Amino acid sequence: MNPKIIVLNPEKCTKCYDCINICKEIHGESRVRKVDGIPIFCMQCENAPCKEICPVDAIYLKDGIPIVDKERCIACGMCAIACPIGAIFIKNRVAHKCTLCLDVDRITPACVEACKDKALLLVSEETLDMMKEEKRKKILKILREEAKENL
C-alpha cells in the first residue's frame with residue numbers, strides 16, 4: 001500500500017512550525033491544524049467521515065485520499081463536525097484539509113520535506129499499525145516493571 005498518513009513524533013517536534021509555514025506558502029492557507037501548539041494532520045481515513053457526511057458530495061477520493069471539490073462545497077461545516085481529529089475546517093466559505101500535496105503534484109508532502117527535525121514521517125496504514133504495536137509493547141513493558149517495583 002502507498003504511504004498516505006503523516007505521523008508526527010512529538011518527541012522530535014520543536015514546534016518550529018516549518019510544516020505549517022510551507023503548507024501556507026504552497027496552498028495559500030495552511031491545512032495543518034495546530035492544537036495546543038502541536039501540528040495535527042488529516043489521517044486520510046479509509047471510510048472518511050468528512051466524505052460520507054457531505055450533503056453535496058463535494059469530497060471525493062483521489063488515490064484513496066479525500067479531496068475537497070471547492071466548486072461544489074457549500075461550506076455547511078458538516079465535514080468539520082464529522083472529522084474525529086479536527087483536521088478539516090471551513091475558511092473563506094470552503095472546506096480545507098490536507099491532501100498530502102496531491103493537488104500540487106508533489107510526490108512527498110511539502111511539510112514532511114520541510115521538517116528539519118525529521119519529526120514527520122509519511123507512512124502506510126500497515127507501518128502505522130506496526131508503530132502503534134511497538135509503542136504499545138514499550139508502554140506495557142514499562143508498566144510491568146513499575147508494577148514489580150511496587151510489589
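Positions of Cβ are set from backbone N, Cα and C atoms, glycine also.
Matching CYS54, CYS98 to the [4Fe-4S] cluster 4 binding residues that Swiss-Prot gives (CYS73, CYS76, CYS79) identifies CYS54. In the record from Swiss-Prot, residues CYS98, CYS101, CYS111 bind [4Fe-4S] cluster 2; the candidate from CYS23, CYS45, CYS50 listed for the same site is CYS23. For the [4Fe-4S] cluster 3 site that Swiss-Prot gives as CYS42, CYS45, CYS50, the extra residue drawn from CYS83, CYS115 is CYS83.
If one looks beyond the domain '4Fe-4S ferredoxin-type 2' (33-63) by at least 6 residues along the same chain, the residues whose Cβ comes under 8 Å of a Cβ in the stretch are 2, 4-8, 10, 13, 15, 17, 19-20, 69-70, 72-74, 76, 78-89, 95, 97-100, 102, 111, 120, 125. Within the same chain, the residues at least 6 positions away from CYS115 ([4Fe-4S] cluster 1 binding site) whose Cβ sits under 8 Å from its Cβ are ASP18, CYS19, listed in sequence order. Of CYS13, CYS50, CYS73, all annotated as binding-site residues, the residue with the shortest Cα distance to CYS111 ([4Fe-4S] cluster 2 binding site) is CYS13.
In terms of C-alpha distance, the listed binding-site residues CYS13, CYS45, CYS83 place CYS83 closest to CYS54 ([4Fe-4S] cluster 4 binding site).
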